[in-house]
Amino acid sequence: MYVPQIVTRGLRCWRWQPPIFTLLFLLLSAFGFVAASASASNRTAVVLKVNGAIGPAIADYVIRGIQRAGERGAALIILQMDTPGGLDTSMREIIRAILASPVPVAGFVAPSGARAASAGTYILYASHIAAMAPGTNLGAATPIALSVRPFGGDAEPEKKPSEPGDKQAEAPGNASEAKAVNDAVAYIRGLAELRNRNADWAERAVREAASLSSTAAVREHAIDFTAVDVNDLLAKAQGYKVRVGQTDAQLDTAGLVVQEFEPDWRTRLLSVITDPNIAIILMMVGIYGLIFEFLAPGTMLPGTIGGICLLLGLYALALLPVSFAGLGLIFLGVGLTVAEAHSPSFGAFGIGGGVAVILGATILFNTDVPGLEVSRPLLGAIAFAVLAFSLVVARLAFTSRLRQVATGAEQMIGISGKVESWTGLTGYVIAHGERWKAVSAEPLVAGDPVSVTGRNGLALEVASRPKDT
């Protein structure tokens, strides 16, 4: 009796075994896939490409790229560079991100023909591994614009040390130059000592604007090795010992999957609006769009476009090294242009405002970094447009003053009329097709032609004039 029941229960349990085994198999497969994915993400080399002058957009791209690589557990970050230099603030932001990165960073000057001049040299020295492709160069790291301290371009030749008491050496300009150079020397020497690279040559790169080819850089121990491409770099970096934070690590770059992080829309937008040429165009369009809106209220479109462009331009100016004198001249010029429209000065305010805007735009960006300067043809186009606008405003203001008054009491003075009826020294006249009460210092007769000489309330003051022959 009990045997059939046992058999039945066994059959029921056996019936559920295939679905259970299938479910276990799927779960184990999923765990294996997740583990394989995590292992694959850890076996990734992330490539960040820096092309052109180092400014706010590139700094934002590199910093966020390093953060993303750390979050994804990448094994190595390759910072591929081809740059003439850049802004000091942007360079230091990138270096701080490299020094704080949980993932080793390999600075790589590539492809052949590329350079890591000025700010690029500092970034290469800050990297855990420094490599260069054949036919590349680095160096020329002298600060050249002391007021905003950008890096890049051609540096002035080194001046001979001055003797104590030398008046030229004690001049304020030379003192500022010495402070900037010494600060840059201390900074790059600190990076060289941190990465165990040639600190003496790094100092010469700042003081003497020295440069090195890729082979000379290896010989001078300014970099670790040369590499033809990214794959060659990974092969040569195998087994290298680096210090990440406070931990020593040995790189295992064999079999790494190369993944390139492309700039996203935010980086591209930032790159466009932080171009000094675009920034100054946005400022001009924004300012004059608002001026048009103030002169012709209700049009909406100039004010809307002007407001958007002005905000974008001001955002770009907040990220770039700006001369406050240039910015002040631009706003002074705008104020004078508006004053010309409301208080005509026969062109004095308008032309003066145009000249102020042109001078302000010329000195607005106080930097000589290649790629971060304002185009001279653009300045010429802005000068032409601003002066043309100022002259048009001045002409309209001048002609409006010469035009006869068309409204108000004053527009009645000087017009002709005819006496309708008259008694003594008062009567009624027809002027402008309207019947007016009038007074005169002499008696008149109906039909006499008169001229309006004044107005007193609702009565016109008239005087006789000769009849037309």
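Every residue, even glycine, has its Cβ placed from backbone N, Cα and C.
In TrEMBL this protein carries:
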type	residues	note
COMPBIAS	156-169	compositional bias 'Basic and acidic residues'
DOMAIN	47-145	domain 'NfeD1b N-terminal'
DOMAIN	277-392	domain 'NfeD integral membrane'
DOMAIN	409-462	domain 'NfeD-like C-terminal'
REGION	150-177	region 'Disordered'
TRANSMEM	278-296	transmembrane segment
TRANSMEM	308-334	transmembrane segment
TRANSMEM	346-366	transmembrane segment
TRANSMEM	378-398	transmembrane segment
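Per-class residue totals from DSSP over the domain 'NfeD-like C-terminal' (409-462), listed helix then strand then coil: 4 helix, 32 strand, 18 coil. For the domain 'NfeD1b N-terminal' (47-145), the DSSP counts in helix, strand and coil order read 36 helix, 33 strand, 30 coil. Helix, strand and coil counts under DSSP for the domain 'NfeD integral membrane' (277-392) come to 90 helix, 2 strand, 24 coil. The predicted model assigns the domain 'NfeD-like C-terminal' (409-462) a mean pLDDT of 86.
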